[in-house]
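Peer 1: Dropping the structure in here first, questions after.
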Amino acid sequence: MGVMELCSSRFCGNDLWGPRSDGKAACFGYAEVVKRKRIRNLRIPPSTFHGFYMKRRRKGVYGILGEHVCEAEFVENTCKRLKSKDVFEVLKSFSDTNEALLFFRSAAQHHSVILSTESCNYMLKLLRGQERVKEMVTVFDMMQKQIIKGNLDTYLIIFEAINVHEGIKMAPSALERMNKAGFVLNAYSYNGLIHLLLQSGFWKEAMEVYRRMVSEGLKPSLKTFSALMVALGKKRYADAVLGLLKEMKELGLRPNVYTFTICIRMLGFCGRLNDAKQLFWNMKSSKQKPDRVTYLTLLDKFGDRGEIDTMRLFWREMETDGYVADVIAFTTLLDALCKKGQFDEAFSVFDAMKKKGIQPTLQTYNTLIAGLLRVSRLGEAQQLFNQMEACGPHPMAYTYNLFMDYYGKSGEAGKALKTFDEMKNRGILPNLVSFNILLYSLAELGKVSSAKAVFHEMEVSGLSPDAITYNMMIKCYSKSGKIDDGIKLLHEMTEKGCDPGDKTINALIHTLYKANRESDAWAVFHRMKEMNVKPTIVTYNTLLFGLSKGCEVERAMELFRAITENGCSPDTITFNTLLDCLCKNGKVEEAIKVLYKMTEQSCAPDVFTYNTMIHGLVKDHRVEKAFWLYHQMRKVVYCDFITLCSLLPGLVKNGKFEDALKIITNFIRPDGFRIDGSSWEVLMEGILVEAGVEQAKTFIEEMVFCGICRDNAILFPVIKSLCKNNRAIDGQRLCQTFKNYGISPNVKTYNCLIDGLLEANHASLAWDLYEEMKGTGYAPNVWTFNLLFGDLAKSNRIDDMLALHEEMHIKGCEGNNITYNSIISGLVKAERLEQALDFYYDLISGDFSPSPGTYGPLIDGFLKLGRLDEAKQLFEEMQGYGCRPNCAIYNILINGMSGYSDQAYGVYKKMVAGGCSPNTGTFAQLPNQSWDL
């Protein structure tokens, strides 16, 4: 029989004898060693072999060589009955490491004993405690030879022995030390170590160990390759997976169906469908038959991409390989057809499926309903729902959720709520998604009371709100202005251990800033740490925008520095916000430094960045620098209209007309942007503010002379500015310059100039301009006529005014209150009160809504003629038409009744009772007596 160290022990009665490290015999209590219940049925024969054992021990023989049959039988019977777990229990009973090692070696050498990983790790741990690395190497080598799987503890014990304390992640670097200490891994151990690393989530380290394994000439197993591919596939590292597949073939390993399937699924997830298709054909050419999972994966991924023809190709291949299309395959095809909008074909496939005896599942119906609702074909979706209820699978919460989601996104919260109630009435319990969908629709409309009721019902039903639930409620509170309730709910959310997420926090901070509650916004921000929510760049940008809006430059700079210190990278929005804050507050030099820092951090400036800096430089009177930055800008981004509005005012102010004209020429080139009339006005208004009217006037003359601009809208802002400064004659001359180049003023410009000339007492020129205006084809509008009515009324040319009103009517121009009030006022002033009254009644017989300006002249006319009763009657009539008297009307009445103190006083009391406040003019009109005010 084989040599067995365990069997060299001597049994005396109930004691187990064995050798000690000093060579003497040692007796171990049998009950202690085998714990009785572990080896209950051993027969312990009487023995007197202690002397024999010691004799053999001194000769170095570690076992019984068969001289006594009874002892040999006992040894054989003992080893046969010894189990792996018993070895571990015996090992734990030793207090001496040498004795334990001797026992371990004996057990390891017997063919009927299978050592466990647990026993080996225990032995390794004992030896590590005494720094006996060489013997640890022997134990580890025995594990490899007997194919005993090493686990995480195995390697951690060895790592500690060679002074590697950072855990299994250090495996790649620890292997070199292990090798020097004598721990040489074979292929089995390498494969095991790679799997341990992958199970611990250390895929990069697993790849390093794999590379070392291959470099040592060892061949990984197919299982190892597959595990690595799965790990890399989850990270979407398609090229790395394909690289492993290539290396597998180079090592002489033939990929199996499982390997190909892993690669194909991974390529599908990564969107590398062409590679997946090629790999499929490689699989077929290698005589590997794809399994059903492979085909379903290909159908699903190419369906997501809308490649219906490719799906049909794989469908045919699937049937050729003997796989009958099942309900999963049909549902996948239906989903693809619905996403492509091919509903006629989808329903044809649906009918064909049923004819083949394949019953649609709930998912099949849900797929069709979801597709129909996605394109707002609600009626057909409802028909399909009814069909499902009649003869198909019963709808579940998901089906109702589809309809609720459709209604919610369509702004029909009422229908969503009705669907929710219908689901409950049919005995289907709403799930958390159902409640969240309903809360979404209510939150979008800010329906707080309904949302609170739904939230309460959810809690009563036993469902715990999740982050989405709380987010919807907080959003609802924010939209309805109940921000404090939102903050309270945020506290409740975190107390229940629900992560609010950065989006919720960011939205709440933004809402607080909009409500001018800056301190509360910052309080929420400071609470993010205790809520275990890390601020994102959106968080910082929101706060930075608030500081910029409040012109808090120092705090903005402090926050900006904190962004990088807290491990967050500023983005373009961050820099733009800070640059805007600095430039608006005159910190242009600081802004330039920030701009350089932006480029150093590889954060690309955009058009907003450059426009902000150009505007800031122009405001800081650094036009040359702004012009230089403009040229740098053109190298990387396209200029926009804001660029013109930022740069041109400064150039024009400094007399750099040529540069300004070149910029405009480049901007409105054939392949560039167009500038419409309103944009020209905005640009010229900016130039007027910055450069003044003279420079602006010269500049537009240069533009017209050079043929750069022929849009008459450019003239209006300059004419308006000239007229405002009592320079209407200069405005008329500028108009003439434009007309010489074939550019006629537009209606706005004509009206502005007519108004200016009338104000400057150049009425004849104004009327000439009106005649000219009609000759150019521009139809005068109501503003034009109102200006002229005012002039005619002022000069008491009543007949001309009435004639102009007739002309206005013929031209189809409808008057407004200003028009009609001017005519009535003119007629009253010309002592043509009856005509004015007739005109008034003609107006109100139509859809005219009189104003106090309509009644004021008429009442005043009656009072001046002493027709007090008619004035009072008109005053009452005025209120009957819904026109509330203002202070001017009351003053007219009081003034007209100056000879009637009591009546004047009565009007005054009525004025105060009606909520109209008297002014100094009121008291000046009252009779000279003491009033109870």
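Note that Cβ sites are derived from N, Cα and C of the backbone, with glycine treated the same way.
Among the features that TrEMBL reports, repeat 'PPR' is placed at 186-220, 256-290, 291-325, 326-360, 396-430, 431-465, 466-500, 536-570, 746-780, 781-815, 816-850, 851-885 (among others).
Walk me through where these features lie, including what they touch and how far apart they are.
Peer 2: If one looks beyond the repeat 'PPR' (186-220) by at least 6 residues along the same chain, the residues whose Cβ comes under 8 Å of a Cβ in the stretch are 144, 147, 149-152, 155, 168-169, 171-172, 175, 227-228, 231-232, 235, 240, 247, 251-253.
Across all of the repeat 'PPR' (256-290), the predicted model scores a mean pLDDT of 81.
Residues 257, 260-261, 264-265, 268-269, 271, 273, 276-277, 280, 283-284, 332-333, 335-337, 339-340, 342, 358 of the same chain, all 6+ positions outside the repeat 'PPR' (291-325), place their C-beta atoms under 8 angstroms from a C-beta of that stretch.
Each residue in the repeat 'PPR' (396-430) gets a DSSP state, and the totals come to 26 helix, 0 strand, 9 coil.
Note on the repeat 'PPR' (431-465): residues 397-398, 400-401, 404-405, 407-409, 411-413, 416-417, 420, 423, 472-473, 475-477, 479-480, 482, 485, 493, 496, 498 of its chain, located 6 or more positions outside it, place their CB under 8 angstroms from a CB of the stretch.
Counted with DSSP, the repeat 'PPR' (466-500) comes out as 26 helix, 0 strand, 9 coil.
Residues of the repeat 'PPR' (536-570) grouped by DSSP class, helix first, strand second and coil last, total 26 helix, 0 strand, 9 coil.
Tertiary neighbourhood of the repeat 'PPR' (746-780): same-chain residues 677, 712-713, 715-716, 719-720, 722-724, 726-729, 731-732, 735, 787-788, 790-791, 795, 811, 813, selected by CB-CB distance under 8 Å and a gap of 6+ residues from either end.
With DSSP classes pooled into helix, strand and coil, the tally for the repeat 'PPR' (781-815) is 26 helix, 0 strand, 9 coil.
Secondary structure of the repeat 'PPR' (816-850) per DSSP, as helix, strand and coil residue counts: 25 helix, 0 strand, 10 coil.
Residues 817-818, 820-821, 824-825, 828-829, 833, 836-837, 840, 843-844, 892-893, 895-897, 900, 903, 911, 914, 916 of the same chain sit 6 or more residues outside the repeat 'PPR' (851-885) yet have a Cβ under 8 Å from a Cβ within it.
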Peer 1: In terms of Cβ proximity under 8 Å, which residues at least six beyond the ends of the repeat 'PPR' (816-850) contact it?
Peer 2: 782, 785-786, 789-790, 792-793, 796, 798, 801-802, 805, 808, 857-858, 860-862, 865, 878, 881-883
Peer 1: So which residues does the repeat 'PPR' (256-290) touch in its own chain, when a touch means Cβ under 8 Å and the partner is 6 or more beyond its ends?
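Peer 2: The answer is 222, 225-226, 229-230, 232-233, 236, 238, 241-242, 245, 248, 297-298, 300-302, 305, 307, 310, 314, 317, 321.
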Peer 1: Using DSSP, tally how many residues of the repeat 'PPR' (431-465) sit in helix, strand and coil.
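Peer 2: DSSP classes over the repeat 'PPR' (431-465) add up to 27 helix, 0 strand, 8 coil.
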Peer 1: Near the repeat 'PPR' (396-430), which residues from the same chain, at least 6 beyond its ends, have a CB less than 8 A from one of its CBs?
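Peer 2: For the repeat 'PPR' (396-430), the list is 362, 365-366, 369-370, 373, 376, 378, 381, 385, 388, 437-438, 440-442, 444-445, 447, 450, 454, 458, 461.
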Peer 1: Could you give the number of helix, strand and coil residues in the repeat 'PPR' (326-360) as assigned by DSSP?
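Peer 2: For that range the per-state counts are 26 helix, 0 strand, 9 coil.
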Peer 1: In the repeat 'PPR' (186-220), how many residues does DSSP assign to helix, to strand and to coil?
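Peer 2: Residue counts in helix, strand and coil order: 26 helix, 0 strand, 9 coil.
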Peer 1: When the repeat 'PPR' (291-325) is classified with DSSP, how many of its residues are helical, how many are strand and how many are coil?
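Peer 2: Per-class counts: 26 helix, 0 strand, 9 coil.
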Peer 1: Under DSSP, the repeat 'PPR' (256-290) has how many residues in helix, strand and coil?
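Peer 2: For the repeat 'PPR' (256-290), the helix, strand and coil counts are 26 helix, 0 strand, 9 coil.
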